[in-house]
Structure formats: C-alpha cells, structure tokens
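Trainee: Pasting in a structure now, in structure tokens, and then I'll have a few things to ask.
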Amino acid sequence: MHSTNLLLEEPIRMASILEPSKPSFFPAMTKIVGTLGPKSRAVDTISSCLKAGMSVARFDFSWGDAEYHQETLENLKLAIKSTKKLCAVMLDTVGPELQVVNKSEAAISLEANGTVVLTPDQGQEASSELLPINFSGLAKALKPGATIFVGQYLFTGSETTSVWLEVSEVKGDDVVCVIKNSATLAGSLFTLHCSQIHIDLPTLSDEDKEVIRRWGAPNKIDFLSLSYTRHAEDVRQAREFLSKLGDLSQTQIFAKIENVEGLNHFDEILQEADGIILSRGNLGIDLPPEKVFLFQKSALHKCNMAGKPAVVTRVVDSMTDNLRPTRAEATDVANAVLDGSDAILLGAETLRGLYPVETISIVGKICAEAEKVFNQDLYFKRTVKYVGEPMTHLESIASSAVRAAIKVKASVIICFTSSGRAARLIAKYRPTMPVLSVVIPRLKTNQLRWSFTGAFEARQSLIVRGLFPMLADPRHPAESTSATNESVLKVALDHGKASGVIKSHDRVVVCQKVGDSSVVKIIELDD
C-alpha cells in the first residue's frame, strides 16, 4: 500500500496551536453533507446549517414518506434563497436493507443471554421473544455462530437502542439467536445487519425506483446515493434507469460501500460510479475493528488518484446528544481529511441530533485545521507520478494551473468550465487555495423550447474538496472571444473580492478556453 503520511514535514511551534484561527469566507475546503430530518428541517435551522458550512443536503428515504421529504425540500429552497448559498440535493436509497418490522411500535425489551427468534412471517406481532423481518431468505443465508446487529436506523453504536445477536440454530425459515447485550428497541422499523452474507435482493428496489420517479425526477436531484452497492453492474443499472427520467440523466451516482461484497469489487465500482461513499457504520460491522482504518486509507487513495470525490460517514456520533465530540472523534475527522476525503457526511448527528448547526460548525473547523497541515507538495508529486506520461491535454493543463498557483502563491484559482470536468481535475491535485469554478451555461433545445445547462454542473461541484461554484451569465458562450471572457472574469474576480478570498495585489491563476486553446494565465490585481 502507498504511504499516506501527508502531514507537513516541518514541525510547528507548540504555542501556535493555541492561536485562534483566522476567520474565512469558506469555512473549509472539505465539504459537509448534512442529513435533513426532524431536528434540522425548519427554515431557520437549515439556513444556519448552510451558513455553518453544509453544501449538500441528504434526504434519507429509509424513513419518512415523500410528502414529508418534500416539505423539508421546500424549506431548503427558502433557506437557499434567504442565505444566497448554493446547496445540492442527495437522495439516499434504501437498497437491499433488512429490517425488523414492529407494527405496534411498542418498545421491545431484550435481555442479555436470553433468546429471540427472527421470523419472515410479518403477520406476527413483534415482541421480546419474536422479531418479524422483511426477508424470507435469511435462514438459508445464516449458519450457527453468525453475528447479527439490530438497531435504530442511523444508530450511533453507543446507544442502548441497538443489540448484538448470535445465531444459535436455524429452524426452517426461522433463526434462533442468543442476545449478547440488553437493549430496548423503540419505533416501527429497525435496521438488521448480518456480517459477511449475500442478500439476494436488488440493489435498486421497486420502492426505490418509485421514489426516484415520483420525488427525485420532479426535484431534479443532483446526487443519487446508491445504498449497498455490491458490483459495478449495480451502478450501470441505476444509470440506465436514471437516463430514462429526463433531467436525471445528469444526476451523479455515488456508490455506497457498506459490506464486504462492495469492498471486494471496489475497483470496478469506482470505475463506474461518479463518486464513493464509505459507509463506515455498516462496513464497520462486517470488518474486524483493526481493519477499518486500512480500508479507509486504501479506498480514499484510490478515489483521489481516480479524481473522483470520496465521502466519509460516521465521524461524530456522540454529537447526536452532546455539544462537543470526543477526542477520538475530533482526531478521526482530521485524519479523514489527511487521508484524502472530499466530504464528511453527517447522519444521525443532524437528522435527529440535538445540535445539528453546532455539529456542522465544529466538523468544519476541524477540517479547516487539518487542511493547514496537509502536505500538498508530497501529494502533488505522488499524483503526477501515478497519472504518468503522456498526460491527457486537460490533465496537463489542470496540474500546471495548480503548480503555477502554488509557485506564485496565488490566493485563488479561477476555472472557466461548461461540463465541470476541468475544475474537478484541478481539484484532484488538491491546491492549497480555493478553486472558483465559473460554470458557463450551454444553450440547448428540444425543438420546442430553449433551455440552459449549467445548474447541475455547478451544484455537483459542491461535494468536491476545494471547489466553489458560481454560474456565469448565460449570454456568454463557453468558447467566447477574449473580450467576453474578460468580462466574465471580472464578475468572478468581483465575487472573489466580495467574499474576501481575493484582495488588492493578490495573484490569481486563471484557467480558461480561448477558441480551441486551453490557457493558464497569472494575473496580479491592482488597487
């Protein structure tokens, strides 16, 4: 495995650790995905989340109906309008998730060393002795000694609302288990996770397809989080489905790696997907604890070299109920950044946590501090070596823009792009300064009406480390004259000045297309 020692080599003064950080318009280069739910769906709360640094809003359809999520989305739109901050939308599918069904919703108490039976007969009432499940093939997949985890959805792992079971025997379609710890299951649905077994259910279920068709398509979702991705074929099938739903042909698919099957096929999945979500909660059940860090470092390195965004989950579980993360969690967030994560995904912490805004703010601050000690020089050299020669034309321009920006100590890189690809390639080389991605819309027609592309591309950069999008005036085409491009550049520079990232006498690196040529130029601002 490649060495991932990406800390700065020169030691820092210990006293400097105590110095307060300088305020910045961009809280961190690393992006934050927030899951919206009961504790974070009010307009004021969402507005505060956006100001604190959330750039992607995740809608988890493992719970809540389409009507509930639509209300939340409408609130998000109002918050975006009031804060003037862009935010992308991610739809998270349920996938082949096993669930315990508790129709009565009465609390179920389970005592350690007792026994409980898992049955596919959903007509039965859930009790301390019997738990109905939504899958009839569990008995065929399990053997005595197998471990099963049952818990509240978006559990934190430290709660008494989750239980570990060990299979003692299989009786027909039923599975008899020994309870390993005392717990109380409250609610109507609980996630059931079995370690290292194949579940013969489709990755994109009929229910998922219906949600995407009825909710995702009208709302033009930016990202589809494909839960329990196990093979590249899962991504291909999802993409084929999206391609038939109009604008969703532009939706990016993020493969969620949640089990050993996905881990074993990681390389082929990465090749097919637009990005990867490392679902450490479920995967952490499948893997021995001492192997989790190894998977994280390897997976993030592969994503970085492929130039595809990687998202890490389950970082500050304790902030679901507490105002401050544990020391281990704070270190974990920083290490995720140093390992190469593009974004941090918050689940229970913002969905039902008591402090959604504070959580986003604290995670953003930790990310920003970690970014200061990231060894960009070592990372750049490693990435160039990995890509090899000859580079593609676009990759050569992107890497040159980053190297030039670092050499002249530019305050920002401005990249004109229509597809977003050039800006993402620049971000791949992890520049130490923000990349302002100026998305130039393209005009298209279906013979009945005109429309512009660009909004998807702008929002989809909100999950990429260091990329900050703005939409250019649609009257300026992508391959415009030098004079027109200069006017778009002036708008971009004014935006940078207004946001505080560009000041007088700063140097700025500009990456643009003039005619058929790609140009990297360095400009110095006067007063």
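Glycine residues also receive a Cβ, built from the backbone N, Cα and C atoms like all the rest.
Feature table excerpt (Swiss-Prot):
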BINDING   Arg58, Lys256, Gly281, Asn282, Thr313  substrate binding site
BINDING   Asp60, Phe61, Ser62, Trp63  ATP binding site
BINDING   Asp60, Ser62, Asp92, Thr93  K(+) binding site
SITE      Lys256  site 'Transition state stabilizer'
BINDING   Glu258, Asn282  Mg(2+) binding site
Trainee: Taking each of the binding-site residues Asp60, Glu258 in turn and counting other Cβ atoms within 10 Å of its Cβ, which one has the fewest?
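Mentor: Selected from the binding-site residues Asp60, Glu258 on minimum Cβ neighbours within 10 Å: Asp60.
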Trainee: What is the one among the binding-site residues Arg58, Lys256 whose Cβ has the most other Cβ atoms less than or equal to 10 Å away?
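Mentor: Counting Cβ neighbours within 10 Å, the top one is Lys256.
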Trainee: Out of Ser62, Thr93, Asn282, Thr313, give me whichever of these binding-site residues has the highest number of other Cβ atoms within 10 Å.
Mentor: Thr93
Trainee: Just counting, how many other CB atoms are there within 10 A of the CB of Trp63 (ATP binding site)?
Mentor: 18
Trainee: Spatial neighbours of Ser62 (ATP binding site) among the binding-site residues Asp92, Thr93, Gly281, defined as Cα within 10 A: which are they?
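Mentor: Within 10 Å Cα-Cα: Asp92, Thr93.
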Trainee: With the substrate site defined by the record as Arg58, Lys256, Gly281, Asn282, Thr313, how many Å span the farthest pair of C-alpha atoms?
Mentor: 18
Trainee: Centre the Cβ atoms of Arg58, Lys256, Gly281, Asn282, Thr313, go out 8 Å, and tell me which other residues of that chain have a Cβ in range of the substrate site.
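Mentor: Leaving out the recorded residues gives Asp92, Ser225, Ser227, Glu258, Ile277, Leu278, Ser279, Arg280, Arg314, Leu345, Gly347.
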Trainee: Give me the CA-CA distance between Lys256 (substrate binding site) and Phe61 (ATP binding site), in Å, as a whole number.
Mentor: 15
Trainee: Within 10 Å of Phe61 (ATP binding site), Cα to Cα, which of the binding-site residues Glu258, Gly281, Asn282, Thr313 are there?
Mentor: none
Trainee: May I ask which of the binding-site residues Asp60, Trp63, Asn282 is closest to Thr93 (K(+) binding site) if we compare their C-alpha atoms?
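Mentor: Nearest candidate: Asp60.
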Trainee: Nearest to Trp63 (ATP binding site) in three-dimensional space, by Cα, is which of the binding-site residues Asp92, Glu258, Gly281, Asn282, Thr313?
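Mentor: When the Cα distances are compared, Asp92 comes out closest.
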Trainee: Tell me, how many other CB atoms lie within 10 A of the CB of Phe61 (ATP binding site), whichever protein chain they belong to?
Mentor: 22
Trainee: Nearest by CA distance to Asp92 (K(+) binding site): which of the binding-site residues is it, out of Arg58, Asp60, Glu258, Gly281, Asn282?
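Mentor: That would be Asp60, the closest of Arg58, Asp60, Glu258, Gly281, Asn282 to Asp92 (K(+) binding site).
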